[in-house]
Amino acid sequence: MLRNGSIVTEFILVGFQQSSTSTRALLFALFLALYSLTMAMNGLIIFITSWTDPKLNSPMYFFLGHLSLLDVCFITTTIPQMLIHLVVRDHIVSFVCCMTQMYFVFCVGVAECILLAFMAYDRYVAICYPLNYVPIISQKVCVRLVGTAWFFGLINGIFLEYISFREPFRRDNHIESFFCEAPIVIGLSCGDPQFSLWAIFADAIVVILSPMVLTVTSYVHILATILSKASSSGRGKTFSTCASHLTVVIFLYTSAMFSYMNPHSTHGPDKDKPFSLLYTIITPMCNPIIYSFRNKEIKEAMVRALGRTRLAQPQSV
């Protein structure tokens, strides 16, 4: 308990405190398995796309490599702490650690939302304007787009961090979640949280809603182009790919919108937890499966990398 007037120096995450020992053990095993699988898949994509393979020397694979890097950063920001709190009895996190975690969630989350929009635009140009693809999406443009996503993530993280911690914290320090989530933390501050929540809402329109509109618009144009030109078999394959991409993207955008585009805080923590789990765990795990492992060139690059590894083993003995 905090004494009246005392300044908060630490927070208590109570997301799993009410869970039984058996439930925490089950959640620990589940989250550890999902985290390990996600790290392995995204790590493999980073290795494959950064590996000097001429067939993967295109903007799309450059985007995929950075998407996997963002997913690794994003899931590492939250899951390791969750695993620790499922084992230990004290769920205390320092004020500085909470600020740091929130910054990286903001930074990486915003960068990924923007990058996914750029990736959708890349596919739009490649399919709808194939003859102009190289001039429009050159290597220089590709690097600038990725740099823009990272830059806006870094800058936006600073802005949202200031908005979240502009008021002092002298009240309750119990966070009803399994990590430091901005809307809940803001509700613990001394001042009126509505200004900060509205600022986050306005910011989310720019960094979440706008990329989502660009992404959906790009895929709608892709589908329209394919339906007018491709054969029936080509239509089915492209429709399946676009549908799977849109599904993952909508999961990310809608779950983030539900958590951050809610200035009146009408949703309780228990209702928000599934959405938080969706964009912190499920999306980073699904991205490599949907975007990379279904790609023929990625599969062939994995086979070539495995073949080179096997050939190198006898020489090292």
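A Cβ is built for glycine as well, from the same backbone N, Cα and C atoms used for every other residue.
Membrane topology taken from Swiss-Prot puts ASP90 and GLU300 on opposing sides. The disulfide-bonded residues in question are CYS98, CYS190, and the one with the fewest Cβ neighbours inside 10 Å is CYS190.
Counting Cβ pairs under 8 Å that are 6 or more residues apart, the transmembrane segment (56-76) and the transmembrane segment (141-161) reach 3 or more and are in contact. Residues 110, 113-114, 116-117, 120-121, 123-124, 152, 156, 159-160, 163-164, 182-183, 186, 246, 249-250, 253, 256-257, 260-263 of the same chain lie 6+ residues outside the transmembrane segment (199-218) yet bring a C-beta within less than 8 angstroms of a C-beta in it. Between the transmembrane segment (239-259) and the transmembrane segment (101-121) there are 3 or more Cβ pairs closer than 8 Å, counting only residues 6 or more apart in sequence, so the two stretches are in contact. Under the DSSP three-state reduction, CYS190 (disulfide bond) is assigned to coil, being neither helix nor strand.
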